[in-house]
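Chemist: Shown below is the structure under consideration.
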Amino acid sequence: MLTEESSLSPKTAEDVEIQAERRLPVRIVLTGFMGAGKTTVGSLLAKRLGYRFIDADVEIERETGATIAHLFEEHGEPWFRELEHETIQRLLEPEAVILALGGGAIEDDRTRRLLLERNAAKLVHLEASIETVLRRCRGTESVRPVLRDTANLEARYHKRLPLYRLAHLNVPVDSHTPAGVVEIIVERLSGQNPSR
Ligand SMILES: Nc1ncnc2c1ncn2[C@@H]1O[C@H](COP(=O)(O)OP(=O)(O)O)[C@@H](O)[C@H]1O
Ligand SMILES: O=C(O)C1=C[C@@H](OP(=O)(O)O)[C@@H](O)[C@H](O)C1
Ligand SMILES: [Mg+2]
């Protein structure tokens, strides 16, 4: 006769995978510098898990009817951070969501607190080197206004790095494909390899 434990135990490799994935958090939030792959990986991760994908920048553009570049030019960065904070707060309400942040959201104290303290949300840092982000973002200055401030870009990267590293999970991404990054996140968050 089967004991209760054995009857509930996974039987095949597929069962093991499904059971492990059931332990995944109901909200996963991606942070990291511009070009780290938050939007790309977030969309793939959502498909992989059957979660809804939301990109905070896309939501802001949809709700304001303006581009991020326009909002920066018209209102300035502090105004943008305020709007970004309110937007993220709202986007953290639903469950089964992958939320990709803009790279600068982590700089706002209230946003950072919200991301780190919210129950059932895991903050994942996609960590790319400065060389990688510069290479990946080349030519996108018109849609990424912060990139245009070349004199301060490297300083911004180094100022933000310790803030990103407060995340629940840090994933170095330089030598992985987007699909590879997705697999690392799933594995780590489902507790199979929970190193930080
Ligand atoms: N792991 C990766 N390997 C190679 N290219 C990538 C990877 N992740 C993202 N990219 C590319 O880098 C660029 C920036 O990616 P994106 O997802 O927009 O980054 P973010 O949202 O973090 O700014 C895109 O052209 C994307 O295709
Ligand atoms: O790093 C930043 O301050 C920003 C990053 C952008 O998002 P991505 O990181 O997705 O490029 C976007 O939110 C805005 O241009 C500001
Ligand atoms: Mg993005």
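Using N, Cα and C of the backbone, Cβ positions are placed for all residues, glycine too.
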Chemist: Using only what TrEMBL says about substrate binding by Asp57, Arg81, Gly103, identify which of Arg138, Arg148, Arg160 is listed for that site too.
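Modeler: Given Asp57, Arg81, Gly103 bind substrate in TrEMBL, the matching entry from Arg138, Arg148, Arg160 is Arg160.
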Chemist: So TrEMBL lists Gly35, Ala36, Gly37, Lys38, Thr39, Thr40 for ATP; which of Arg113, Arg118, Arg144, Arg156 goes with them?
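Modeler: The record-listed residue among the candidates is Arg144.
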Chemist: May I have the list of same-chain residues other than Gly35, Ala36, Gly37, Lys38, Thr39, Thr40, Arg144 whose Cβ is within 8 Å of the Cβ centroid of the recorded ATP site, in sequence order?
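Modeler: In sequence order, the nearby non-listed residues are Gly32, Met34, Val41, Ala100, Gly103, Leu126, Arg136.
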Chemist: Nearest by CA distance to Gly35 (ATP binding site): which of the binding-site residues is it, out of Asp57, Arg81, Gly103?
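Modeler: If we rank Asp57, Arg81, Gly103 by Cα distance to Gly35 (ATP binding site), first place goes to Gly103.
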Chemist: Which binding-site residues from the set Ala36, Gly37, Arg160 have a C-beta atom lying less than 6 Å away from ligand 3?
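Modeler: By the Cβ criterion, which requires under 6 Å to ligand 3, there are no hits.
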Chemist: For the binding-site residues Asp57, Arg81, Arg144, Arg160, which residues place their CB under 6 A from an atom of ligand 1?
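Modeler: Qualifying residues: none.
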Chemist: Of the binding-site residues Ala36, Gly37, Asp57, Gly103, Arg144, Arg160, which ones put their CB under 6 Å from ligand 2?
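Modeler: By the Cβ criterion, which requires under 6 Å to ligand 2, the hits are Asp57, Gly103, Arg144.
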